[in-house]
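As recorded in TrEMBL, the features of this protein are as follows:
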type	residues	note
DOMAIN	32-251	domain 'G-protein coupled receptors family 1 profile'
TRANSMEM	20-41	transmembrane segment
TRANSMEM	53-72	transmembrane segment
TRANSMEM	92-113	transmembrane segment
TRANSMEM	133-157	transmembrane segment
TRANSMEM	188-207	transmembrane segment
TRANSMEM	228-251	transmembrane segment
Amino acid sequence: MNSTTTVINSFSPFHPIQFSILLFLIICSIPCFIFVFYQILSTRALYRALNNHVLILLLISNSIQTVTDIPLRLSYYYTGKILPFTVSYCHFYYFIDLYLFTTCFLLLAWASFERHILIFHSQIFNRYRTRLIGHYIPLSFCIIYPLIYYIIFIFFYPCENSYDPVNSYCIAICYLFASPVMALYEQIVHGFALVFLIFIFNLSLFFRILHQKNRMGRQMTWAKNRNMAIQLFSVCFLFFLTNGGYFLILLGQDTLAERDSLIENVFLKLKDYCRQKYGLEFQYVDMRWGIPNESSNSHSEVQTCLNEIEICKKYSVATNFIVLLSHRYGSRPTPAIIPATLFNILYERIRLNSNDGDDILLSQWYRLDTNRIPAVYILQSTSSILSNINSSNIDEMKQAEKEWKRIDNRIRTCLRRAAVKCLEQGEINQDQYDDFFISITEKEILNGILTASDANQRTLCFLREIDDIHEHLLDSKASKYIDVQYSKTGEPIVDNEAETLLNNLKYNRLPSKLQSSNIFSYKVHWTSNGINRHDHSEYLTQFNNDFYHAVKQQIDQCVKSRVLINSNPLEHEVMEHAIQCKTYSTKFHSRVDILNRLKEYILNKNEHRACVVYGDSGCGKTSVLAKTSFEVRIYIYI
């Protein structure tokens, strides 16, 4: 599923509630930490007890967090931005937070497992060697592994990070966006898996303790084991209590009201419905989450989005593309790849009509790639020419970004002017012209809906109109909901070109492709807080209901059509043969002489004898026949 609505940042310059709560908890925690830490270290029996070693490490880890990460977060809650805003500071802030958080998770997971051994098989640790292997080495791993992991991926991973001084983290670590595998690893191994293990080990420990009490009836053993279990349960409970809400805050900061509402009220219902009725897994992909800024170094954001759409179309059983449009047409970046024939036409036009060196600028930033067929011109990475864009010096980096924006705007402008002239002269067609003017959003819709053969069965469109948005352009949040430009006096005005293209998309192109039952339209009124669940609760409720029932209906229809096909044994058999034929044909090479003889046999109308293909096992008989079957229609109809 794809959503093409631009993310709106609900940033507030001051967070008094978060600041007050966190400050109060820190003030209370410091004397508690000092007291507990002193009691453990001053009593030999306590600090030598194996079950207390994890507690000591957790205390040390959280004390480091108290004097490093927490003051940084308090500063952010108080000022509304990261101070000082430097690359080194942002890296340290992010590193210390993730490292300490993951370390605590690992320690708790290991402690939850080890507590079973300490309670029920404590004799294992009587020997030093087993204590070293089964106790000290795992604890060391819990500390060293995340240290090495985050040093490598935060400081040395070969990609470009992005920075934002008003985000709760002033840095977006690029390895989570550049590598889907690492993002999945981070989420599962450092998140879900550890939470699951902690929960399972604690739950099983609870029942084992109760079972031991009932079976053995030894009060002293029961009391000791109970205390060790309660210690672990308490630590785990406090850890999840103080960290769970933190993630809930982060998850809701940069989302639209519709997205929040879908996640809270619709997606889980659809997941349950698909699992219970069809045994299928409902998954969604939001194209505006986790995609770097359009001015990033590689210029590959557009292709990333389009590739994701193709994956959804390829693997989805039912609905594969949903668009939510309002008044924003979206970013219209400079093309990263231009076919060589088209580039040469535009370049010649620019060279003849331009006196300000635009042709030289194009030659500098676009390079011919003849390895592709047909050849293309590729926009060079920003850092290959403006090296300071990756500088550790914030001022140098900002200056380079400013320079790139100027160059990017100039390149885009000269290409568009040339495209207009070439279209008027008939040198290029409408599709080639459009590629320089339409937005990423329209390109996604073009691939997801407008060129899809089954759009009415697998796609949906939701249109939201804020009927009085033009009357409130001066509101601080209006520019986040509609494309605007600014006059010389700084007054916001509607971007007429973007609005014209958007209206053509909404009211001409989409209705010409989709049935009216696939398009849902809503009208809402503007408020100073934008679109939000408080002022627009009725609209969001209607939107949720329409979304759920429309997707559910498409799922039912698509799955039903698949069941009907599979229920026919003959069609099922034909499909199996077709799949095998395509599989073997794809891997087939050479054997031209044999294929030609089979072709002659097929085309010879006077031949009535059977054709026998024989050979040793594994020599390729099936592949030859599959290739022949795959190409027989070519033989007959040519």
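Quick reminder: no glycine exception, Cβ is built from N, Cα and C everywhere.
Counting residues 6+ beyond its ends, the transmembrane segment (92-113) has Cβ neighbours under 8 Å at 54, 57-58, 61-62, 64-65, 68-69, 72, 82, 138-139, 141-143, 145-147, 149-151, 154-155, 169-171, 173, 190, 194-195, 197-198, 201-202, 205, 232, 235-236, 239, 243 in the same chain.
Using a Cβ-Cβ cut-off under 8 Å and counting only residues 6 or more beyond its ends in the same chain, the transmembrane segment (20-41) has close neighbours at 47, 52, 55-56, 59, 62-63, 66, 70, 73-74, 77, 242. Mean pLDDT across the domain 'G-protein coupled receptors family 1 profile' (32-251) comes to 75 in this model.
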